Amino acid sequence: MRRHGPSSPTSDRAPSSSSNANNNSNLAANRNLLAGEYISLFNAAFGHVTCGLVFILCMSQCGIFDVVQTDTDLSRYAERHSLAWLPTWLPMPLNTAVNFGYSFCGIYWLLRVKRLFLTGSLSRDAAYLFSVFAVMATAYGPVQLARIVRMSHNLAVVDQWVTLPFFAWVPIWVISTVTGHLSAGPILITMVASLLSYLLAVVTDVGFELALTLHVSAAMGSGIFLCLYPGLSSATGLIKNVALAALSCVGFVGLKLLDHELANLCPAVFRIVSGHFLSKLADVMQIHCVCKAFECVALIAAGNDDGRKLA
């Protein structure tokens, strides 16, 4: 009779090792698939934002926008410096440097969105919505930088115009989040309407302010609606970030309007750290908080309750 000894430890582990290897292979393949999808999403977002920006740049050269009220004189800004080493093309170093904040914020969120998507925390639609917003932020930095350095009327028109799609994107984001799907038709109609609303600046001297007020109201209203939506009303992280975004928006508008008033109140401080500079910091924070708010919603939608209290 043949005796059967105990099974070899190596033979016991063989199936487990093979299974682990298969799992690792599947995970790698899945990750590569997601990476390819993200590249496709980013390219779509980049292409759509680029098309809009090129349209604005081309239209800004048309003579019809020559009547638009813009700030192209340094006297309209409170920042003053008596530094002899400053080059003539850089009279407002802080108002110039702050524009890099937009691009840094946009790049940060593009990288964060990529990580969230690759880990399965973001749906394809959510990743696209995030990417468009982040690409807009990244592109706005050079636009505003060129406007401040060059002080040209055409660049000032572009700077005003590209502000509107930021706010228009928030209602689109909210509706897509609530309905659970992305529809190209309503998005296209909303963005075209947003771009065309800048024509109000041709009709009246306060046209841009009127268009901006409508856009800000729509964005804030959408944020409040999202906070009150069933299933999200208990998400403290969402509510906190929407409140911070609204507060930053108030700072963005208010500090810009109070630029000279603050300088007159305390010249030693606000002639250097001007209200316009601080308003830009508030604007960057506004973009960041909007992204944080929608990150909360995305995590909740993915079944991660940490999104409810994400700070």
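Each Cβ is built from the backbone N, Cα and C atoms, and glycine gets one as well.
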210-232, 233-255 - the one TrEMBL records as transmembrane segment: 210-232
Surrounding residues of the transmembrane segment (210-232) on its own chain - C-beta under 8 Å, 6+ positions past either end: 163-164, 167-168, 170-171, 173-175, 177-178, 194, 197-198, 200-201, 204, 238-239, 242, 245-246, 249, 253, 293, 297, 300
Leading stretch by Cβ pairs under 8 Å, where the reference is the transmembrane segment (89-111) and the options are 45-68, 126-143, 155-176, 182-203: 126-143
